[in-house]
Amino acid sequence: MLPQRAIPPSLSLLGPILLGLSLPSLLLLDRALAHHPLGMPNPEQYGPLMGVISGVGHTLLGPDHLLFLLSIGFGGRAAGRHWVLPLVGCGLLGALLSQLAPFALADGVVAVTETLVALSLVVSALVTLGRCPVLLLLPLIALHGYVLGGAVIGAEPTPLIAYLLGLALGQGLLLFSLTAAARRLLPLLQEDGQRLLAGVWIGVGAAFAWSVIIA
């Protein structure tokens, strides 16, 4: 019998990465959902309740944003609850920044911004693999908040505050739930399972980025 050789870590990630690359097309994810969930009106027409619902909806129905939060929750190294409040806070800061300086959402620049949002999944996977520091997740979620804040540029103060509250509720509750689940599931997945998940995140992030580039 021939002796078995250990598979290099880079090769062991190849299968999950290829799977991740195929998921966006297989699932028919529409990235436009991230910007117009539930068929809501323009932000100028938002009421307080509509603002909260829109904030939660943008968090849960935008596939790139939702997958980024999932990758954080099941990232292992960033799965502690003590990271939830800093992450949510940075996301809100990014959303506020978009109201003050929305230049990165202009027509000629927004593709670059959305490409960076997609590649944040790759960075999150590298955090899981221990190749990047956990602190990198803070500016990345601020970038996601910046893009999400673009949905309410021009809104009055009351619906704007309601929208930001909805974002905080959606992201906070989801991250708290994910980190609670991760504490039980990650030990079962062990290191190989976490590497597989990281490979899927890399593939999905790369696929999203490519879809933006060729659009």
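From the backbone N, Cα and C atoms, a Cβ is placed for every residue, glycine too.
Per TrEMBL, the stretch carrying the note transmembrane segment among 28-49, 50-71 is 50-71. Contact check: the transmembrane segment (160-182) against the transmembrane segment (50-71) gives at least three Cβ pairs closer than 8 Å, residues 6 or more apart, which meets the contact criterion. Highlighted: of the candidate stretches 50-71, 108-127, 134-154, 194-214, 134-154 has the greatest count of Cβ pairs under 8 Å to the transmembrane segment (83-102). Cβ atoms under 8 Å from those of the transmembrane segment (134-154) belong to residues 34-36, 42-44, 46, 51, 54, 58-59, 62, 65, 68, 72, 77-78, 83, 86-87, 90-99, 102, 104-105, 113-114, 116-117, 120, 123-124, 127, 160, 163-164, 167, 171 of the same chain, restricted to positions at least 6 beyond its ends.
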